[in-house]
């Protein structure tokens, strides 16, 4: 256990002892919906989290019920071209991962996580209903194709559809960054027993996401294809309504953390104050820097942070000038900031390299819905009389996550705890590193499979044909399972890391940054594919990824991604070793 973690745990245990005189209440400043101190035995814990996990499962079912088959609706019902449909889906998906920055800022600064979820869930539900109406009411639906003639959607029809779609994208912005943090808020950091449960919460939170995804990627896709889009969009809308009802049913049991003002404003104040005092010398004794003498920081409801020796240029924001000392006026935050406020910005800067390595992981993860599917299209998809759609192989990843979550939580963590002495078995950084290594193995497995597939292509003389080879698509199971296993370590580790290591007043914002990494990973994947295509087709060459993959070298792309993952892991290892954990003062 690191010295920073030991110090934090000691402080939290000390706070627990301090609260024994008032043992009925939590020690982390939690309040109920009315703003009064909560009763510890009657609020929070797994009882409250059951409502949050149920909400997340239903909300994810609703989201993936739209997202999974959206490109089919755009091409089949709105009569868009393949390129246009793919572009629109990518833009919409990217928007879904950018809007959490808006919701996170509102949650941390003004509304709190609960009311942010309330407002944005309402917007989300309106969007779902609008989308359902656009696929149900005849006047809002484009005319059906007559032979090869497919009339495009009118501006009004398209406008209603896009309005519903982007209301959903905006609605996700208040839910994605807040629900996981709100769930973790139900456990008191000053109670050692609840602290352990908080680590388990992130595992089961990710588990509930994948249960919703599994139902959507199987049952909802079938309903949309067989029973129509009105019902196919209506059921996800119904589940979004159920998600809202479940969430608000738990209100009397929830623990709330008060919003504490804009984190972006506080960061700007540190930058401005440090620039204003750029000519002053930082004292060797950090106790001479400005900090409140109270037990809590000046940021209401948060603990003070200990001074760190990194990025000393920012410490200038906490230097008390002679004029301020003589005048006794320390009230202008644009000229003088507390050590805690400075440390908030330092923490975000320290987290940046760890955050950046998650982009490459997300780029590897993105191959499941693109290149893996294209590889599967040229393999034997039949099992007896049943034909396996290549896109449905992604359910292997989901099943892998569902399988590994309880094993990790109930078996791996207790075993690892015996060796490491950590409450959660592995630190968040160790956990993420293991996942990055496993993701590299998934690309290696895909490359080896493609080498075997191309070998059969040559042996059977299928190089000129875009025909499937007699190699079962089930051989893709290892690469899907490895990515699912990697998610258990890296994706959940990221959720826990960004919650635990972020400043108390920036937890929603830091969760949003983790989601942003996922979005950028998808963009990085698209960039890599574009660059590979451009560089390998110069001079009239076939390239690695031609339309007929039997002529290409998809294995080279997988090796490239494996190599990129390896170097990303090396960079991550260096950054993780140098990372200094957050310390309470």
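Each residue, glycine too, has its Cβ placed from N, Cα and C.
Just so you know, TrEMBL annotations are computer predictions that nobody has curated.
The transmembrane segment feature in TrEMBL is assigned to 114-133, 201-223, 229-248, 347-368, 388-408, 429-449, 480-499, 511-536, 556-575.
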Beyond the flanks of the transmembrane segment (347-368) by at least 6 residues, Cβ under 8 Å: 267, 305, 310-311, 394, 397, 429, 432, 435-436, 439-440, 442-443, 446, 480, 483, 486-487, 490, 494, 497-498, 501-503, 506, 510, 513-514, 517-522, 524-525, 528, 561, 564-565, 568, 571-572, 575-576, 579-580, 582
Interface present between the transmembrane segment (388-408) and the transmembrane segment (480-499) (three or more C-beta pairs under 8 A): yes
Region pair the transmembrane segment (201-223) / the transmembrane segment (388-408), three or more CB pairs under 8 Å: yes
Long-range neighbours of the transmembrane segment (114-133), counting only residues six or more past its ends (CB under 8 A): 33, 59, 62, 66, 103, 106-107, 140, 160-161, 163-175, 178-179, 182, 230, 233-234, 236-237, 240-241, 243-244, 247-248, 251, 254, 256, 508
